[in-house]
Structure formats: C-alpha cells, structure tokens
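These notes concern the structure reproduced below.
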C-alpha cells in the first residue's frame, strides 16, 4: 500500500517558499521533512494538538488502518467458512415419529426413581455439637424416657 501524499504534492505545486538551502522561512509553520515534528503554531491561532493538517492526516491514516483490518478479517472469515451441502432427497429430512406417551412417562419415572435413590444414599445425620450427646442423655434422665417418646414425632416418609 502506498502512503498517501498531500494534495499539493500531487498537483505538482512547489509548496511553501524556501530559502537557498531548501529550508522554509523561520516564521513558517511548515515542516522541512514529513518525519519532523510539527512547528508550534503562531500565537493567536487555534489549532488541534497535532495541527490542522496533521489531524486530518491522522484521521485519514486511522480510517485506512481500520479499512485494512476489516478487509483482513473479512478474508479470514471467508477462508474459515465451511460449505454445507443439503441432500437432494427431501424425504430424508422428514422428522422422526414421536415416541408414544407411555415411553416418555416410563423414562421420566425411571429417572425420578434413580435420582431419589441417589439423594437418599447421600443423606447423612447432622453432626452433634461437642457435648450434645451428654446433654441429650441428661434430658432423657430428667424428663423420663416415656415422656420423650410420647412427644417424639415421626419423620415424613419420602415418596421418591
């Protein structure tokens, strides 16, 4: 890709006035080389930080860079694109018949029973705090064994 040249160089104009050695006059805002940093603007003029011309070149360069990136990404996506062939026989695309309702219900009940068995197998009693067993034995002796058994409730049975 060739670098963009300013319009005045393409038109064949001489550009800003120069002295015998090819340097611009000291009060000029032009640069002798493209790679040289811009000269400070004369006092009282309002320019961007890069100067009016540099800012437009910067935006042009940014735009060209973004175009290159977009083109490269587009090519890369095209290279990675897979081809998809559809079969000529449309009957092979017909959906499979649905299973009867009984099969679905049986599958559901099988899954549910296996999950319930797993849950029951993984259950454990919560640990008692330190000294908890002695406290329970003391309460049992004080209140009497019969009264505690009368107040005890049965845990619900799991229907799984």
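The count begins at 1 with the first shown residue.
A Cβ is built for glycine as well, from the same backbone N, Cα and C atoms used for every other residue.
What you see is a predicted model, and the numbers here were worked out from it, not measured in a lab.
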* Of the residues 35, 153, which is given the phosphoserine tag by Swiss-Prot? -> 35
* From the set 54, 59, which residue is assigned the annotation phosphoserine by Swiss-Prot? -> 59
* Structure fact -> Reduced DSSP state (H/G/I helix, E/B strand, rest coil) at residue 59 (phosphoserine) is helix
* Would you mind checking how many other C-beta atoms are within 10 angstroms of the C-beta on residue 56 (phosphoserine)? => 13
* Do you know the DSSP helix, strand and coil residue counts for the domain 'GoLoco 3' (132-155)? -> 19 helix, 0 strand, 5 coil
